[in-house]
């Protein structure tokens with residue numbers, strides 16, 4: 001029990017030493033006073049200062065003139081330079097913005113037309129001109145979409161593959177496709193595999209009597225064959 005009491009006495013002594021260590025008379029904190037700051041002292045923290053000019057809330061800034069000690073209070077600007085927001089200040093929270101109903105293109109103060117028919121010109125919410133590439137797409141896989149001096153151009157593409165054993169078509173959805181038709185090509189062949197052209201849409205045989213490869217359309221159950229495989233739906237040309 002005696003050991004516990006002695007330990008408590010030592011602990012209290014250390015506490016008193018740690019938190020009562022500053023001698024305010026010796027520190028003479030008031031000698032550090034300026035026209036904008038007043039210094040004080042406690043035995044716990046020593047010297048500390050208080051600013052003469054302080055902001056009353058989060059919507060104002062306070063500044064002190066070091067020469068005169070006069071305080072100047074200014075209002076904080078909450079303008080985010082976005083014409084499509086209304087900007088406010090709450091004394092306890094500071095700046096905040098609320099979206100409004102506006103058309104940045106109407107608010108824009110400058111002409112953003114770059115006279116390029118292949119760009120879409122607009123003014124953003126920060127009053128800055130932007131030019132994005134014109135998206136020329138008619139949704140038709142059978143046309144080549146380009147942009148020129150007159151704007152968007154849509155040119156029909158050729159699906160001719162120069163293969164006498166295919167009929168060439170174009171689907172607005174898939175683009176070009178080539179359906180095998182019955183035909184014969186005079187090429188040397190000894191077995192059927194000699195006629196293999198790696199076309200998944202055709203079948204073939206080797207006619208040994210004529211040394212020709214005979215080709216036929218693959219049976220897809222009435223569905224078209226596109227990109228070397230049977231489709232599961234109809235094709236609109």
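Cβ coordinates come from backbone N, Cα and C, glycine included.
Annotation source Swiss-Prot lists signal peptide at 1-20.
The N-linked glycosylation site annotation in Swiss-Prot covers 28 (among others) and rests on sequence analysis. Sequence-distant neighbours of residue 28 (N-linked glycosylation site): no residue of the same chain at least 6 apart has a C-beta under 8 Å from its C-beta.
Tertiary neighbourhood of the repeat 'Cys-rich CT 1' (57-81): same-chain residues 34-36, 51, 87-97, 126-127, selected by CB-CB distance under 8 Å and a gap of 6+ residues from either end. Under the heading repeat 'Cys-rich CT 1', Swiss-Prot lists 57-81.
As annotated by Swiss-Prot, N-linked glycosylation site applies to 65 (among others), with the evidence given as sequence analysis. In the three-state DSSP scheme, residue 65 (N-linked glycosylation site) is classed as coil.
According to Swiss-Prot, the feature N-linked glycosylation site maps to 70 (among others). With a 10 A radius on its CB, residue 70 (N-linked glycosylation site) counts 13 other CB atoms from all the protein chains. Mapped onto three states, the DSSP output places residue 70 (N-linked glycosylation site) in coil.
Annotation source Swiss-Prot lists repeat 'Cys-rich CT 2' at 82-105. Taken as a whole, the repeat 'Cys-rich CT 2' (82-105) shows an average pLDDT of 78 in this prediction.
Note on the repeat 'Cys-rich CT 3' (116-139): DSSP counts are 0 helix, 10 strand, 14 coil. The repeat 'Cys-rich CT 3' annotation in Swiss-Prot covers 116-139.
Over all protein chains present, the Cβ of residue 153 (N-linked glycosylation site) has 14 other Cβ atoms lying within 10 Å. Positions annotated as N-linked glycosylation site by Swiss-Prot, on the basis of sequence analysis: 153 (among others).
Per Swiss-Prot, the feature repeat 'Cys-rich CT 5' maps to 163-186.
The Cβ of residue 207 (N-linked glycosylation site) lies under 8 Å from the Cβ of 184, 189, 213, 214, each of these being in the same chain and 6 or more residues away along the sequence. According to Swiss-Prot, the feature N-linked glycosylation site maps to 207 (among others).
Listed in sequence order, the residues of the same chain lying 6 or more apart from residue 65 (N-linked glycosylation site) and placing their CB within less than 8 Å of its CB are 35, 36, 71, 72. Cα spacing between residue 70 (N-linked glycosylation site) and residue 153 (N-linked glycosylation site): 71 Å, rounded to the nearest whole number.
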